[in-house]
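Enquirer: I grabbed these lines from TrEMBL:
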| type | residues | note |
| --- | --- | --- |
| DOMAIN | 73-301 | domain 'Amino acid permease/ SLC12A' |
| TRANSMEM | 65-88 | transmembrane segment |
| TRANSMEM | 100-121 | transmembrane segment |
| TRANSMEM | 142-163 | transmembrane segment |
| TRANSMEM | 183-203 | transmembrane segment |
| TRANSMEM | 210-233 | transmembrane segment |
| TRANSMEM | 261-279 | transmembrane segment |
Amino acid sequence: METQPVGWHVHTWGQEGDGTKLLKEGSSDISTNMHVHDLFHEDAQGFHQPSQPWWRIKVFVWEPVLFGTWDGVFTTCMINIFGVVLFLRTGYLVGNTGVLLGLLLVSVVVLVALVTVMSGIGVGEHCGVGGGGIYSMISTVLGGRVGGTVGLLYVFGQCVAGAMYITGFSESVAELLGLQSQWAVRCMSAAVLLALLGINLAGVKWIVRLQLLLLAVLAVSTLDFVVGTFTHLDPEHGFVGYSASLLSSNIVPDYSPGENFFTVFGVFFPAATGVMAGFNMSSDLQRPEHNIPVGTLAAVLTS
């Protein structure tokens with residue numbers, strides 16, 4: 001039997017005794033320290049976490065919440081597709097390109113969106129959808145360096161898109177209230193941004209709840225727009241209803257100075273970028289490999 005140094009003892013681990021280690025006397029409390037460290041692990045926080053005030057428990061979401069196809073993916077995609085571009089620039093599109101070329105332009109946008117969605121679904125089925133959404137998928141296919149670079153560009157694009165949506169909302173509300181000052185639009189945009197930040201800090205559960213409310217508002221507003229084309233006629237302001245003469249006069253393009261097909265396409269194309277919003281919910285879904293394809297395709301076809 002081999003002798004051990006004075007003050008050392010043999011420590012074994014594993015069920016079959018497949019390993020030994022020499023520990024100095026007094027260092028046996030490492031396991032105790034590890035046990036104490038485990039007490040502060042996320043799985044044990046529920047037993048040792050001090051009681052939170054009721055308002056923090058009700059407002060802030062501490063436990064992870066997983067969503068399904070319709071509340072997690074479908075709603076998110078619909079909210080992003082029916083954005084400020086669709087409401088504020090559809091008339092601009094038809095007025096410049098006409099009815100036929102406008103239908104072609106929208107079809108091209110939808111085709112590009114479908115190709116992107118099908119590519120994402122294919123990557124998700126073969127490589128899996130990680131917790132990082134688009135960034136995780138790109139990193140899996142192209143590697144961490146390319147994925148990190150594209151991920152930074154994607155995040156920057158999301159920030160620009162958020163600024164566009166907030167500015168469009170603020171300008172519409174300011175025009176409705178009769179406020180023509182740019183500072184009114186800027187202050188309103190800052191207030192909306194802070195409100196959205198608070199909702200994000202409260203947790204994804206509140207985000208989905210707000211999205212369900214916004215989706216209902218968007219559905220009512222879209223229905224109101226369609227019904228208004230039949231019921232609200234005001235020839236003095238251009239609302240003359242459906243007629244063959246109106247269709248014939250808008251069938252061909254009539255571009256404003258400085259506009260062409262590609263400038264109109266560039267203005268309207270951001271409406272299709274919302275189809276990827278469902279992929280970014282991957283870490284909050286119950287079954288991402290099933291929820292993302294069904295919810296995203298349903299949102300594209302519905303919109």
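Any Cβ shown, glycine's included, is placed from N, Cα and C.
Give me the structural setting of these features: burial, nearby parts and distances.
Expert: Across all of the domain 'Amino acid permease/ SLC12A' (73-301), the predicted model scores a mean pLDDT of 84.
When Cβ-Cβ distances below 8 Å are used as the criterion, the transmembrane segment (65-88) is approached by residues 164-165, 168-169, 172, 203-205, 208, 211-212, 214-215, 218, 221-222, 267-268, 270-275, 277-278, 280-281, 284-287, 290-292, 294-296, 298-300, 302-303 of the same chain, each at least six residues removed from its ends.
Sequence-distant contacts of the transmembrane segment (100-121), counting only residues of its own chain at least 6 positions beyond either end whose CB sits under 8 Å from a CB of the stretch, comprise 93-94, 134, 137, 251-253, 261, 264-265, 268-269, 271-272, 275-276, 279, 292-293, 296-297, 300.
Outside the transmembrane segment (210-233), and at least 6 residues removed from its termini, the chain residues within Cβ reach (under 8 Å) are 71, 75-76, 78-79, 82, 87, 199, 239-242.
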